[in-house]
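Swiss-Prot has this to say about the protein:
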MOD_RES   ALA2  N-acetylalanine
BINDING   ASP57, ASP59, ASN61, THR63, GLU68  Ca(2+) 2 binding site
BINDING   ASP94, ASP96, ASN98, TYR100, GLU105  Ca(2+) 3 binding site
MOD_RES   LYS116  N6,N6,N6-trimethyllysine
BINDING   ASP130, ASP132, ASP134, GLN136, GLU141  Ca(2+) 4 binding site
Amino acid sequence: MADQLTEEQIAEFKEAFSLFDKDGDGTITTKELGTVMRSLGQNPTEAELQDMINEVDADGNGTIDFPEFLTMMARKMKDTDSEEEIREAFRVFDKDGNGYISAAELRHVMTNLGEKLTDEEVDEMIREADIDGDGQVNYEEFVTMMTSK
């Protein structure tokens, strides 16, 4: 996981890690973790922090060493990438760029993908994703649909 990071990213994370490794012993406490991540533009909730700590703190001693920290940051960045992929997919469907996917736009993309759908099938797909009932799919609805699997 951490091997997918660039040298620049690793250097950036090392710098941030060092800032919070007060006594220079190569570990940071779980309490310091949230501060480190926020300094890098991440915004984890308390529950997310606890989950991340539990995942990487193998010996359960409440501290995290740098390799563990790198693994965790790489995971967090992977999540961010998938958000960008969803945004990109939405742009593909939203042909006219008005912020909504209409039945016609959905039909067009599905046809290009080799999916020959009836009008009823297309309308049903829109209905399933259309939370506010306006007959089209906005970005928030699209994200909900894409992440609810």
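Just so it is clear, glycine is given a Cβ too, placed from its N, Cα and C backbone atoms.
Annotated features, which come from Swiss-Prot, shown on the structure.
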{"residue": "ASP57", "record": "Ca(2+) 2 binding site", "Cβ contacts under 8 Å, 6 or more apart": "THR30, THR63, ILE64, GLU68"}
{"residue": "ASP59", "record": "Ca(2+) 2 binding site", "Cβ contacts under 8 Å, 6 or more apart": "none"}
{"residue": "ASN61", "record": "Ca(2+) 2 binding site", "Cβ contacts under 8 Å, 6 or more apart": "none"}
{"residue": "ASP94", "record": "Ca(2+) 3 binding site", "Cβ contacts under 8 Å, 6 or more apart": "TYR100, ILE101, GLU105"}
{"residue": "ASN98", "record": "Ca(2+) 3 binding site", "Cβ contacts under 8 Å, 6 or more apart": "none"}
{"residue": "LYS116", "record": "N6,N6,N6-trimethyllysine", "Cβ contacts under 8 Å, 6 or more apart": "none"}
{"residue": "ASP130", "record": "Ca(2+) 4 binding site", "Cβ contacts under 8 Å, 6 or more apart": "GLN136, VAL137, GLU141"}
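Here the C-alpha separation of ASP134 (Ca(2+) 4 binding site) and ASP96 (Ca(2+) 3 binding site) works out to 17 Å.
When secondary structure is read from DSSP and collapsed to three states, ASP132 (Ca(2+) 4 binding site) falls in the coil class.
Around the Cβ of GLU141 (Ca(2+) 4 binding site), a 10 Å sphere holds 20 further Cβ atoms from the protein chains shown. A separation of roughly 21 Å, to the nearest angstrom, links the Cα atoms of ASP96 (Ca(2+) 3 binding site) and ASP132 (Ca(2+) 4 binding site).
Most other Cβ atoms within 10 A: among the binding-site residues GLU68, ASP96, ASP132, ASP134, that distinction falls to GLU68.
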